[in-house]
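**Student:** Quick one: the structure is below, and I'll ask about it shortly.
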Amino acid sequence: MRSHYCGDVNKSHVGQEVTLVGWVNRSRDLGGVVFLDLRDREGLVQVVYDPDLPEVFNVASTLRAEFCVQVKGVVRARPDSQVNAQMKTGEIEVLGKALTIINSSEPLPLSLDNYQNNSEEQRLKYRYLDLRRPEMAQRLMFRAKVTSAVRRFLDSNGFLDIETPILTKATPEGARDYLVPSRTYKGQFFALPQSPQLFKQLLMMSGFDRYYQIVKCFRDEDLRADRQPEFTQIDIETSFMTSEQVMNKTEEMMRGLFLEMLNVDLGEFPRMTYNEAMRRFGSDKPDLRNPLELVDVADLLKDVEFAVFSGPANDEEGRVAALRIPGGASLSRKQIDDYTKFVGIYGAKGLAWMKLNDLTQGLEGIQSPVLKFLNENIVNEIINRTGAQTGDIILFGADQATVVAESMGALRLKAGEDFNLLEGQWRPLWVVDFPMFEKINGSFHAVHHPFTAPRGVTPQELEANPANRVSDAYDMVLNGCELGGGSVRIHNQEMQSAVFRILGITDEEAKEKFGFLLEALRYGTPPHAGLAFGLDRIIMLMTGASSIRDVMAFPKTTTAACPLTNAPGFANPQQLAELGIAVVKTAKTED
C-alpha cells in the first residue's frame with residue numbers, strides 16, 4: 001500500500017510518484033488549496049491538493065485529524081521561501097493526485113498536539129493514540145535500535161541468546177513475587193521471575209560459558225518513577241571470566257552503544273569503591289556531573305561544647321559532614337529552612353549552616369547560629385578543608401553515618417540542581433567493593449543477592465566476621481542512575497551454605513528453596529560472573545525521558561494497574577474453583 005514512509009521522502013525523490021499511507025496530522029484549506037500534513041512512524045510530509053482534480057480535491061476537503069488515508073502524488077521541491085527547516089521533509093512537498101480514505105476517525109478523547117494537558121491516566125487508557133505522537137514513536141523506534149545493537153555486540157562476542165523459564169519457583173530476592181497458582185498441583189504456586197539469576201548460573205554449570213537474554217522480569221514492589229511491576233533486563237553471564245574482564249566487556253558494549261546511537265564517546269569509566277562513594281557523595285550511585293562533595297569534619301568537632309556536633313563526632317557509628325555550596329551565602333533564611341525540611345525527609349534532625357559573607361573580616365564576616373561554639377582555628381580548618389570562599393555557604397549534617405550519608409547526599413543533588421552546578425552531559429563510573437552484607441534490625445541481609453561471592457576469604461573466615469567482608473560486586477552508574485549491577489558468583493557449595501547461614505536461612509530451608517542449586521554446585525561448577533542492565537532505564541536516560549513509562553509501549557500506572565485493559569481483573573468463579581482458590585474478603589478496620 002506504500003512506496004515510502006512519510007518521513008523518508010526528500011529532495012532525491014523530486015519528480016517521482018510516491019504512494020504514502022498514514023494519519024492526517026493536520027488539514028487546512030488556504031485559498032482554495034488543501035494542505036495536508038500526513039504522519040507515520042518516520043515523520044511528517046506535506047501534501048498539497050488543488051482544485052485541478054475536483055473529485056480528489058472534494059475528498060481532501062472532508063479530511064479531519066487522525067483519518068487514516070492513502071495518498072498518491074508527485075514529489076516536488078518547495079520554493080526557497082517556503083522551506084521549513086524545522087521539518088525533516090521541509091524541503092519538499094507532495095502534489096496529491098489521488099486520495100483514499102482507509103478509515104475515518106471520531107474526535108479523539110485526548111489531545112496529541114497539547115499532550116501536556118492529558119492526564120497520565122488518559123495517556124495510559126488511550127495508549128494506542130498516545131503512541132501516535134512523534135515523540136513517543138521515536139522513543140520506541142530508538143529502543144528497538146538499541147536492542148538490535150546490543151544483540152549484534154553480544155552475538156559478535158560469542159554470547160548465546162538462551163531463554164529461561166517464566167514459570168519458576170519463588171526465591172528470596174528482595175521484593176515480593178508475583179504468584180501464579182497451579183491447576184494441576186492445587187495449593188501450590190509458580191512465581192514469575194524477579195530475574196533469571198539462578199537459571200543463568202545453571203547454564204554456566206551446563207557449559208554455556210557466554211549467555212545473554214533480553215528478558216522480562218517481575219517484581220511486586222512499591223513503584224516510583226523508575227520502577228514498573230514488569231521490566232526488561234539485558235541479562236549477561238559468563239564462565240571463566242574475572243570481575244575485571246566482565247566490567248571491561250560490558251563497558252565496551254555500553255561505550256559502543258552510546259557512540260552508535262548518540263555519537264557520544266563516554267571515554268574510559270573510572271572506578272570508585274563503595275566506601276569512597278558514600279564518603280564523598282553520600283550515595284552508592286553518585287552523579288559525577290555534580291561537583292559538590294561531602295567533607296568529613298568530625299575530627300575537628302570532638303571537643304566543642306555543642307552536643308549536636310560532638311555527639312556524632314565521638315560516636316563510632318556517627319558522622320559530621322560539611323557540604324560547601326558556591327554562592328550559597330545568597331540563600332535566604334526561608335530557603336535554608338526549606339533545605340532543613342528537605343533533609344528531615346531522610347531522617348536528619350536539623351541542618352547547621354555557616355554563611356561566608358566576607359572572609360577578609362575573619363569571624364566578623366561569617367554568619368552562623370553555631371559560630372559561638374567554634375573557635376577561629378576550627379572555623380579556618382573547616383573553610384580550608386571544604387575549599388570555601390567568600391560568598392559560599394557551608395551546610396553541616398551530624399547524626400548516625402547512614403543518616404548523614406542519605407540526607408546530605410540527597411541535599412547535594414538538590415543543591416546542585418538549584419544552583420545549576422551540573423557539569424557535562426554524561427559521567428559514567430563503576431562502583432566496586434560493596435559490603436557483602438548489611439545489618440537491618442539486627443539481622444544480616446545480602447547487599448546484592450545471596451549468590452554474590454565474597455572477595456578473598458574462606459567460608460570459615462566469612463562466617464567468623466561477616467560484617468566487614470567485601471563482595472566481588474560491581475555497579476555501572478551513569479549520571480546518578482544505576483544502569484546495571486553484577487558480581488562474581490559463588491561456585492562452591494560450602495561457601496554458598498555459609499552465606500545462607502549468615503542470612504539466617506537454615507540448612508533445612510536452604511535445601512527446600514535452593515536444593516537444586518546446592519546439588520548443582522557439587523558437580524564441577526566453573527567460576528562464573530555476570531551482570532544485568534535495566535534496559536528501560538538506559539532508554540530513559542538516552543532519550544531524556546522523565547520516566548521509564550515513557551519508553552515502554554504499554555506500561556502500568558504507579559499503582560501497578562493497566563487503564564487500557566482494566567487489568568488486574570477478577571477471575572470468574574469457575575476458574576477459581578479449578579485452581580482450588582477461594583477469595584476471602586477482609587473487613588476494613590475503622591480508626
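Positions of Cβ are set from backbone N, Cα and C atoms, glycine also.
Quick caveat, the model's predicted, so the values are computed rather than measured.
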**Student:** Report the candidate from E163, E293, E482 that shares the ATP site with R219, D220, E221, Q228, G534, L535, D536, R537, as recorded in Swiss-Prot.
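**Tutor:** Answer per Swiss-Prot: E482.
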**Student:** Quick check on the annotations: Swiss-Prot lists region 'Aspartate' for one of 137-140, 197-200, 205-208, 209-212. Which range is it?
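**Tutor:** Going through 137-140, 197-200, 205-208, 209-212 one by one, Swiss-Prot gives region 'Aspartate' for 197-200.
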**Student:** Could you say whether, by DSSP, E482 (ATP binding site) belongs to a helix, a strand or a coil region?
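**Tutor:** The residue in question, E482 (ATP binding site), is strand (DSSP, three-state).
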**Student:** Which whole number of Å gives the largest C-alpha distance between any two of R219, D220, E221, Q228, E482, G534, L535, D536, R537, the residues noted as binding ATP?
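**Tutor:** Taking every pair among R219, D220, E221, Q228, E482, G534, L535, D536, R537, the longest Cα gap is 20 Å.
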**Student:** What residues, ordered by sequence, lie under 8 A Cβ-to-Cβ from E482 (ATP binding site) and sit at least six positions away in the same chain?
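**Tutor:** Long-range Cβ contacts: K285, D475, M476, G534, R537.
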**Student:** My understanding is the cutoff is Cβ-Cβ under 8 Å with a sequence separation of 6 or more in the same chain; which residues meet that for H448 (L-aspartate binding site)?
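**Tutor:** Non-local contacts for H448 (L-aspartate binding site): F434, S471, A473, G485, S487.
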**Student:** Work out how many Å separate E221 (ATP binding site) and R489 (L-aspartate binding site) at their Cα atoms, rounded off.
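**Tutor:** The Cα atom of E221 (ATP binding site) is 25 Å away from the Cα atom of R489 (L-aspartate binding site).
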